[in-house]
Amino acid sequence: MRTVRTLLIDNYDSFTYNLFQMLAEVNGAAPLVVRNDDTRTWQALAPGDFDNVVVSPGPGHPATDTDLGLSRRVITEWDLPLLGVCLGHQALCLLAGAAVVHAPEPFHGRTSDIRHDGQGLFANIPSPLTVVRYHSLTVRQLPADLRATAHTADGQLMAVAHRHLPRFGVQFHPESISSEHGHRMLANFRDLSLRAAGHRPPHTERIPAPAPAPAPAPAPAPPASAPVGEYRLHVREVACVPDADAAFTALFADAPARFWLDSSRVEPGLARFTFLGAPAGPLGEQITYDVADRAVRVKDGSGGETRRPGTLFDHLEHELAARALPATGLPFEFNLGYVGYLGYETKADSGGEDAHRGELPDGAFMFADRMLALDHEQGRAWLLALSSTRRPATAPAAERWLTDAARTLATTAPRPPFTLLPDDQLPALDVHYRHSLPRYRELVEECRRLITDGETYEVCLTNMLRVPGRIDPLTAYRALRTVSPAPYAAYLQFPGATVLSSSPERFLRIGADGWAESKPIKGTRPRGAGPAQDAAVKASLAAAEKDRSENLMIVDLVRNDLGQVCDIGSVHVPGLFEVETYATVHQLVSTVRGRLAADVSRPRAVRAAFPGGSMTGAPKVRTMQFIDRLEKGPRGVYSGALGYFALSGAADLSIVIRTIVATEEAATIGVGGAVVALSDPDDEVREMLLKAQTTLAALRQAHAGATASDRELLAGSLR
């Protein structure tokens, strides 16, 4: 069959690239995506360039010019076959003379069974059909030229077709991971478009289906003829596996910056390795980034500092390409490289706005040239150091460090487990909330109003807690990893600030082989008092419609983000709505994977997905604007990403949640939750406080000034 050329108008939605991927599979060619305000590209296009048009979903109302943009022109000026999805469907109907009004209830990330007429888009598709809906508005009073082709059981209009032209609209989202027969529907649209143009559609009844869920292959060993770069990796396996806590202090206590990427909760397939290191050798660097300045500052091992214009993403992309070093045959892919964080305000470089100024750098990384790696599964440990062929003295320096570090580890005694003090020995915390609890509740209500008006589907709202006074960060981290062990825990120490994280959520892992994986979390419940109650809580979470809708919205958003940078047909969801259990909570987790296109760098892939959708909501761009307005301040490190970019081409970053950021003046904590149409404001306040428990408990172990128990503190905060 010949390929079909589709123009896909993007109404700034976070699901457009799910349509992109499906259309590319069905059509045999990737569609051209044009944003609804990209008039320059639009002016260079003509109807003859395409076989059909798809108008994407999006936030807002189709009568609002800025919400619809070029979608209005393509609907009114072009006579090509057209499919409108959600907002596109509403626009098609409105411009034909229908009314668009509030639906009986907002319906986002939830499924419905619809009945259809079996014709046109619905040919050879069973009825009833299960579909996912994301809408607060609905179409009423269809004009004579449009006919209804699908409804829900309660009579809500779900699809239309023009009586004389190949024009169709669907209120639901055929591209959602939980909608049935989406590929068949788009294939039907392809065939209808070809017929309209006088072409014979394909005879085969076989419809391209989503790619199977292939297991990521192990990274291939580099060939003997692999190009030789500037850097050399020096590796030495140590005879004994040291205690991570003791080794961190013994090897890196004097480093100006240091990291502990800590699998404090070892999970097969999730967390096997712990990495401890620093920019402690002659090749080490410290990097800070300020969005407003749009420049990276690099401080080298000798203390010299340079300013390099451009974004942090640009800097990482350039330097990783220049410093590439193939994987070494070790069981892990982190063969040294960049370790640090991307603060939430870095969103200004990935589609968001530069709305707020924080006290700390918007991004901070260290180029680590010294490291200890621990394999918790095999019980092995390695020391790693870098040298440069351009600086011959760095090779013997690396070997000396390996020898000295191995000798140090051989005589380092394990540190005793951290002992948590009882409540009656702890002073009380002076917790300052950016938004009081009544005000936070009002913000939840405002989010629900925005959802009702169709401006957004889900808002991940945040509150910031500040505890004045200085703490010992390492003591607080030891308490945190004891209270709340997590697979993506981390301790990052930079001059002026230390990040202590017990994150359970993977933002994005990219293997050296190019396979990417994200594991968004949406849905949280406190653990039950006993085994029976705990099992009941877990089962309740797994079945809860509100939590599943939150999770599904973010899964579809992450699929969209990966769909921008991954091979056609490679994005898939091997795990949907799985409950993971932690020390204090159960959480609803899904897994999304895809294979990066060959020309996509790791920083570019991270940039496409940043900030993580589980910390913004959807649609991402519009919702971030509302977050800027509602929260009235920076999030800082919180809700950004933390982890490493390896010289091997691998990267692994967590979502910054369950995290303390400590400075000389105070410790700050970010907490919040996803607000959807089904949210109860009081429940959202309780969830926010629940998520603060572990970090506040750790602060109480390290901070001078606490008295009340965590339960009393939380109860008092609710009053």
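Using the three backbone atoms N, Cα and C, a Cβ is placed for every residue, glycine included.
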Completion exercise
region 'Disordered' per Swiss-Prot, picked from 95-120, 199-224, 511-536, is residues 199-224
Exercise for the section: Determine, to the nearest whole angstrom, how far the Cα atom of Glu175 (active site) is from the Cα atom of Cys86 (active site, nucleophile). Expected result: 11
Fill in the blank from the handout: Cβ proximity for His173 (active site), under 8 A, sequence spacing 6+, ordered by residue number, returns Phe15, Pro57, Val85, Cys86, Val131, Val132, Arg133, Tyr134, Ser179, Asp556
